[in-house]
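Trainee: Have a look at this one.
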Amino acid sequence: MGKDYYCILGIEKGASDEDIKKAYRKQALRFHPDKNKSPQAEERFKEVAEAYEVLSDPKKREIYDQFGEEGLKGGAGGTDGQGGTFRYTFHGDPHATFAAFFGGSNPFEIFFGRRMGGGRDSDEMEVDGDPFGAFGFSMNGYPRDRNSVGPSRLKQDPPVIHELRVSLEEIYSGCTKRMKISRKRLNPDGRSYRTEDKILTIEIKKGWKEGTKITFPREGDETPTSIPADIVFVIKDKDHPKFKRDGSNIIYTAKISLREALCGCSINVPTMDGRTIPMTINDIVKPGMRRRIIGYGLPFPKNPDQRGDLLIEFEVSFPDTISSSSKEVLRKHLPAS
């Protein structure tokens, strides 16, 4: 007795072309050897491919419906259109059928974050144990009770974290970064891998703070057994020769002498846009003293038209030695406490 292709796919004899495609998709995924480790999986995978190749082809299906498998393969279906007898022989490579069905793309990509029909996310797929329970089929290929207990969900790999170092000038003005990553991708056979490079474009917005995260969902390595990891870039400030950052404020350290700290001085304060602002200090500069220039800091992330402040801190340089006469003058004029 020949093979019952309809039974193999789990469909009725009058099934539509769309029903045949859906059935093949479910059964091929179910019995793919990379997903199903049972001893019979390879043979079932091959049978499913052969059944689909016959039933999805109108001429083969018509002959099969009339004469069965023996007639299809034995030439009972008349001529092939060129004067010869039509005979069908399965090519023997179910993986080729599998790859062709998925259009040459990654055949497992439905598990890796793309959207499926009906708006359902692929990371909602149930793939461990009974990997195709979401389709309403049991492991033997026939419809099952939808109230049965579902298996566990496919897990996503942990995020891959990269530091993205940016200068204060880039934060001040905003910029575009292009980051090259290499990741593994499944080949159409669903088993082997290739290494693929990709350029990820990051728009650095004005005023972004250190620690800001930019996430590229599921751009990590592909495997048949997990959802690709998210690629995450975390903003990290580069050291600056003049400024330190304090949120949206920037800090400039002015170095002055002890005499200037006591007697007053004038300094030129640089700004982020390359200008300098003159500042006169008449007060005695005490430890921790700051001056503030409003609106000369970094843009606010949520309102880049407004900016933080430029803070001036003072670093007083003390002499290594002073003469005895200078000490006497200081003792005479400086308060004891």
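Cβ coordinates come from backbone N, Cα and C, glycine included.
Take a look at what Swiss-Prot says about it:
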- 2-70: domain 'J' (DOMAIN)
- Ser122: phosphoserine (MOD_RES)
- Ser148: phosphoserine (MOD_RES)
Trainee: Please list, for the domain 'J' (2-70), how many residues fall into helix, strand and coil according to DSSP.
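Mentor: The domain 'J' (2-70) comes out at 48 helix, 0 strand, 21 coil.
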Trainee: What average pLDDT does the predicted model assign to the domain 'J' (2-70)?
Mentor: 89
